[in-house]
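**Q** Pasting the feature list from Swiss-Prot:
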DISULFID  Cys64-Cys141  disulfide bond
DISULFID  Cys119-Cys133  disulfide bond
DOMAIN    62-143  domain 'C-type lectin'
CARBOHYD  Asn103  N-linked glycosylation site
Amino acid sequence: HETDPDGQVMSSMIETLMFLQKEYANLRYAFMTVNNARSFGSGSERLYVSNKEIKTFEPLKEICEEAGGHIPSPQLENQNKAFASVLERHNKAAYLVVGDSANFTNWAAGQPNEADGTCVKADTHGSWHSASCDENLLVVCEFYFIL
């Protein structure tokens, strides 16, 4: 005897499978797009992305971490160039973090100057400047890719 005479269970399963196949294709496309942008853009394992918001330094860490990223911290010249290209595209400066043991820095002439502030911002050319942590700057987050 049949337990699904009208084929409703089978139809529902087919519909669900088709939906999942479409979702998989969309996710695969999104992943490949990001992966290709990463390898095309800078040859670096880091991707710099802005949500176009303007914020002070304080909320930046939480915003980036909620998105799965970090406050930008370029460690190499090509990473700083990739970061600067985002700033140039938006024509805005953004915060970054400079580690204590940084091998790479890109301070502008006369910088760092703590009289200007204890935070660090990069201008649209990728040059670093001391800045007030209360400045409203472009939100940019850094994402790591290890593929």
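Every residue, even glycine, has its Cβ placed from backbone N, Cα and C.
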**Q** Could you put numbers on the helix, strand and coil content of the domain 'C-type lectin' (62-143), residue by residue per DSSP?
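**A** Looking at the domain 'C-type lectin' (62-143) with DSSP, the answer is 22 helix, 20 strand, 40 coil.
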**Q** Return the average pLDDT for the domain 'C-type lectin' (62-143) as a whole number.
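**A** Across the residues of the domain 'C-type lectin' (62-143) the model's pLDDT averages 93 on the 0 to 100 scale.
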**Q** Roughly how many Å separate the Cα of Cys133 (disulfide bond) from that of Cys64 (disulfide bond), to the nearest whole number?
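**A** Between the Cα atoms of Cys133 (disulfide bond) and Cys64 (disulfide bond), the distance comes to 16 Å.
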**Q** Which is it, of Cys133, Cys141: the one of these disulfide-bonded residues whose Cβ has the most other Cβ atoms within 10 Å?
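**A** Per the Cβ count within 10 Å, the most buried is Cys141.
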